[in-house]
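Per TrEMBL, the features are:
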type   : residues : note
DOMAIN : 1-123    : domain 'Peptidase M14'
Amino acid sequence: SEAHDMKHNIMNSISYHSCSELYIWPWGYKDQDPPHELYMENQVKPLMNLTGYGNWKDQGGYKVSGDITDQLYGMHGSFSYTVELNSCGSQGDLDGGFHADTRLIRPTVRMHLLTNMHLLDESPEARIGQMFPDYGDINGPGIHSMEQTMMPTLSIMSNQGESIGFQSDTEIDFGDYYSDDKMPVRVMVEDAQFMLKDSLAMRYRTAEMPEGVWSELTMSCVENCDPRDYSDYSAEFTIPRRDSVFRAYIPATETSTHIQFYAVAQDSRLANEFGGGFVYTGHGAAEPVEIFVDDIIGFGNIVADGLAVGIMML
């Protein structure tokens, strides 16, 4: 029920059906992978190796609306699986199908007890996000639907505060910058509550750098930074959603050049010791934002610049 959405410590959940020897996970109600598709597939692979079962993606899908798997994942924040037990045909001299031979009960239970024990061991790491117990309701729109179970979204912001998703579909104005200027770049992080701490970085390169080489800057939060800001309260809250703004300064280039840049971060729920859960602005390095930095105009002194302009006009 909505009263209990996300207020629990149930990280993994399984429902059992028959038949077809398959593992199924969201989404069933639409042709689209969920935000945690790779994590859910990797979590169930050891179970498939033990049971010999397949998965629904490789078998052409198992589209269904109203299944509890989508409900548990999208509204209750639990990685949820459906297991279609046993073959729909015969298994040796025993009948399978929806009304399988009762002699299949014991071996089926024994096999899936082992997989459940494995999944139980994995559950402490399987966190979609913060789970709040019933001792208090913390305000925010929360996650109340499958459409809102999303990863952090990164957007570079122009000087006018406009969000830039892709270079190709925007006319970007960063103002005038010269080769002796440090250029501030801001990034809007929507759903920042799901971003791994200190993972947001600005990557940039100039035209003089070798192809494929990028320098990296750590970005600092400048707006809506406090994850403990629970100033508003609501009985319907689940996870406090936060949109934050971060900033980094690209160093002065000293000469005129083109600068390309993009931002990258990690989803805290998918990150591991090997990386994982990466999110980017636009298409990342494949389509970075690019601007031109001009040479310094004048000498940096009002009087000297005025004399120089006067001489050029003679």
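Positions of Cβ are set from backbone N, Cα and C atoms, glycine also.
Unlike curated records, TrEMBL annotations are generated automatically.
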Per-state residue totals over the domain 'Peptidase M14' (1-123) - DSSP helix, strand, coil: 47 helix, 23 strand, 53 coil
Segment-level pLDDT (mean, integer) for the domain 'Peptidase M14' (1-123): 79
